[in-house]
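Everything below concerns the one structure shown next.
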Amino acid sequence: MGAGGPRRGAGPPDGGWGWVVLGACFVITGFAYGFPKAVSVFFRELKRDFGAGYSDTAWVSSIMLAMLYGTGPLSSILVTRFGCRPVMLAGGLLASAGMILASFASRLLELYLTAGVLTGLGLALNFQPSLIMLGLYFERRRPLANGLAAAGSPVFLSTLSPLGQLLGERFGWRGGFLLFGGLLLHCCACGAVMRPPPGPQPRPDPAPPGGRARHRQLLDLAVCTDRTFMVYMVTKFLMALGLFVPAILLVNYAKDAGVPDAEAAFLLSIVGFVDIVARPACGALAGLGRLRPHVPYLFSLALLANGLTDLISARARSYGTLVAFCIAFGLSYGMVGALQFEVLMATVGAPRFPSALGLVLLVEAVAVLIGPPSAGRLVDALKNYEIIFYLAGSEVVLAGVFMAVTTYCCQRCSKDIPPGPSAEGGTSDTEDVEAERDSEPMPASTEEPGSLEALEVLSPRAGSPEPEEEAVPDLSHESVGGHEAHGQNA
């Protein structure tokens, strides 16, 4: 659908400008997940110039990842307050400025603050809003859209690392950081295309009779009262403890098994190539009519497959067995990447997705800071990769079993409650109150159109031929909250 005038009651376009938004989301996802790993190609030069150890230089990527995950609630607040496009533009500038300033660093601390904190924060302010906009533009094709967007991670990871190696050899790490900073300005271009979907102008929440209009929280913690959301949170925590460990240790594990360096490094390329194919394919599969209502179980199946792959391959020693492990791991890893945010969108709905995503990323940040570092310490202490693979696989299997069993129990418990109309086949626990409130008539609002009460908006009543007399500022129209009426269909 084109960007025509507002249409009353229109849902997500599922196409049109949404494909441009999907392309931008593909780029942002690639930068967010690929950039912290791509920076690691400069670590050898950083160690030489600063006289530091590997663990000291590795903190640059660690801080960047911690900012990407840990600032989720901050991103949610900013998106709810200002909208997706302004936050993404600011994030692109921050990410670029961080790398440019890092190219002039004379101490490791300066690298931590610039490339780590500033660039990590900038990537976080791009990643979360891009996923939110994707949910606003796609409903029927949303699983496919999520799979295609998630494919940006392996594509950029396999591209940025060789590019960084080339830039480092030709211009040094300072020149490489400077050019990477210019490359990150593409995040601003991606943010610029994030225009709101066509639809009615936003209207603020009404004031209760005889009182002031209700102030809605910028970070909606009420989503934590939803049982299915809490199940998802626990699943993501358990998953993040072990999901990334095999990929991190794979090359060293292969070398320990006697595989030559070049062939060991190629194993990661195999994982990346399979991952690129698996993500969009899994997204298309999850979008099929008969499978889409069961996406949480597909996610559980992907986790089980990934964990069992780790357990079965823990004793792999030959190169052929390791190649088979990489193919199976890349396939299951791609399935997890394609389904993780689709499950969250289906669980909480578009109106609560910004707050829910911020909380999930914060929980995942804690797990990421526990799992891989602990695995590294165990390897140093035990000199045994087999135990680490068993431990990581067990954690991921536990996450898959927990997701499947608790989802089934939640569905059984809610069978006696008649589901409300929803694109996903029902409403979550916390959406019923909102649906009941939204069905009431809209009285005149006493608040300014740009206030926080405009975060969740309603479509104009069918019997109202003319729009409100007050002009609504563009800032509110940009806000994700300004599209709740459309996002609820997601």
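Placement of Cβ uses the backbone N, Cα and C atoms for every residue, glycine included.
Per Swiss-Prot, compositional bias 'Basic and acidic residues' is recorded for 475-490.
Taken from Swiss-Prot, the feature region 'Disordered' applies to 419-490.
Mean per-residue pLDDT, taken over the region 'Basolateral sorting signal' (426-460), amounts to 40. Positions annotated as region 'Basolateral sorting signal' by Swiss-Prot, on the basis of similarity to another entry: 426-460 (among others).
Under the heading region 'Basolateral sorting signal', Swiss-Prot lists 461-480 (among others), citing similarity to another entry as support.
For 1-14 (among others), the entry in Swiss-Prot reads topological domain 'Cytoplasmic'.
Feature annotation from Swiss-Prot assigns topological domain 'Extracellular' to 36-58 (among others).
Among the features that Swiss-Prot reports, topological domain 'Cytoplasmic' is placed at 80-85 (among others).
Per-class residue totals from DSSP over the topological domain 'Extracellular' (107-115), listed helix then strand then coil: 8 helix, 0 strand, 1 coil. The topological domain 'Extracellular' annotation in Swiss-Prot covers 107-115 (among others) and rests on sequence analysis.
Tertiary neighbourhood of the topological domain 'Cytoplasmic' (137-147): same-chain residues 11-15, 17-18, 21-22, 25, 197, 279-287, 292, 295, 338-339, 341-342, 345, 423, 489-490, selected by CB-CB distance under 8 Å and a gap of 6+ residues from either end. Annotated topological domain 'Cytoplasmic' per Swiss-Prot: 137-147 (among others), in sequence order.
According to Swiss-Prot, the feature topological domain 'Extracellular' maps to 169-172 (among others).
As annotated by Swiss-Prot, topological domain 'Cytoplasmic' applies to 194-230 (among others).
Sequence-distant contacts of the topological domain 'Extracellular' (252-257) (same chain, six or more residues past either end, CB-CB distance under 8 Å): 263-264, 267, 316-319, 322, 379, 385, 389. According to Swiss-Prot, the topological domain 'Extracellular' annotation covers 252-257 (among others), on the basis of sequence analysis.
Per Swiss-Prot, the feature topological domain 'Cytoplasmic' maps to 279-293 (among others). When Cβ-Cβ distances below 8 Å are used as the criterion, the topological domain 'Cytoplasmic' (279-293) is approached by residues 140-148, 150-151, 153-154, 302, 334-335, 337-339, 342, 424-425 of the same chain, each at least six residues removed from its ends.
Taken from Swiss-Prot, the feature topological domain 'Extracellular' applies to 315-318 (among others). Residues of the topological domain 'Extracellular' (315-318) grouped by DSSP class, helix first, strand second and coil last, total 1 helix, 0 strand, 3 coil.
What Swiss-Prot records for 340-352 (among others) is topological domain 'Cytoplasmic'.
Under the heading topological domain 'Extracellular', Swiss-Prot lists 374-386 (among others), citing sequence analysis as support.
Across 59-79, 86-106, 173-193, 231-251, the stretch most heavily in contact with the transmembrane segment (353-373), judged by Cβ pairs under 8 Å, is 59-79. Counting C-beta pairs under 8 angstroms (sequence separation of 6 or more), the transmembrane segment (173-193) reaches the transmembrane segment (15-35) with 3 or more such pairs. Note: the topological domain 'Cytoplasmic' (80-85) comprises 5 helix, 0 strand, 1 coil (DSSP; helix = H, G, I, strand = E, B). Contact check: the transmembrane segment (294-314) against the transmembrane segment (387-407) gives at least three Cβ pairs closer than 8 Å, residues 6 or more apart, which meets the contact criterion. In this chain, the transmembrane segment (148-168) lies out of contact with the transmembrane segment (231-251); the count of Cβ pairs under 8 Å, excluding pairs fewer than 6 apart in sequence, is fewer than 3.
Long-range Cβ contacts of the transmembrane segment (258-278) within its own chain (Cβ-Cβ under 8 Å, at least 6 residues beyond either end) map to 151, 153-155, 157-158, 247, 250-251, 317, 319, 322-323, 326-327, 329-335, 337-338.
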